[in-house]
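Peer 1: The structure's right below; bear with me while I get my questions together.
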Amino acid sequence: MMRERQRREKLSQSYADLYAMVSSRSKGDKNSIVQSAAIYIHELKGARDQLQRRNEELKAKIMGHDEQQQCVKVQFEVDEPSSSIDSMIGALRRLKSMNVKTRKIRSSLSGRSSLSGNRLWTEMNVETTIAACEVEKAVEEALKEVERKQPDSDAPFPGSRGWTQTSHVQNVF
């Protein structure tokens, strides 16, 4: 009997605490208190969701991109580039002309120790509203154009034996 009395007192205290939080929304009876608390919790969840959406919008604004932009990772390799610097500049110029924002670039040369190595490997994170496959095609075309324009007669041309170029695009977020 003593435990039952303590349980009822604890339950009454809990209703009183809940009523103190939602008093302007309910009558004093237990059913009204619980209903008002449920409605209030539902409203708070809606407000939380709205604040989370607003927070994501503000993060995107701070990072400098809008909701329609996607961030993609562009990877490409060029075997035997005539000039790895010209290849990078050509790819970046093409992306700039497409209004693609480059966020991060990682690149490495393997082979010879000079600025034109045997293989140029590059990975770029870019923001774009353009389809990822279109970005990939543009980078491939830019790299081929750079190779065609090189005056070095020893450099193989796109499509000739010895010159290979591969690229890959994937969504980052």
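Every residue, even glycine, has its Cβ placed from backbone N, Cα and C.
Marked as coiled coil by TrEMBL: 41-68. As annotated by TrEMBL, compositional bias 'Polar residues' applies to 162-173. If you look up TrEMBL, you'll see 1-44 marked as domain 'BHLH'. Annotated region 'Disordered' per TrEMBL: 145-173, in sequence order.
Mind mapping these onto the model and telling me what they sit next to?
Peer 2: Mean per-residue pLDDT, taken over the domain 'BHLH' (1-44), amounts to 88.
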Peer 1: By DSSP, how many residues in the domain 'BHLH' (1-44) are helix, how many strand, and how many coil?
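Peer 2: Summed by class, the stretch gives 39 helix, 0 strand, 5 coil.
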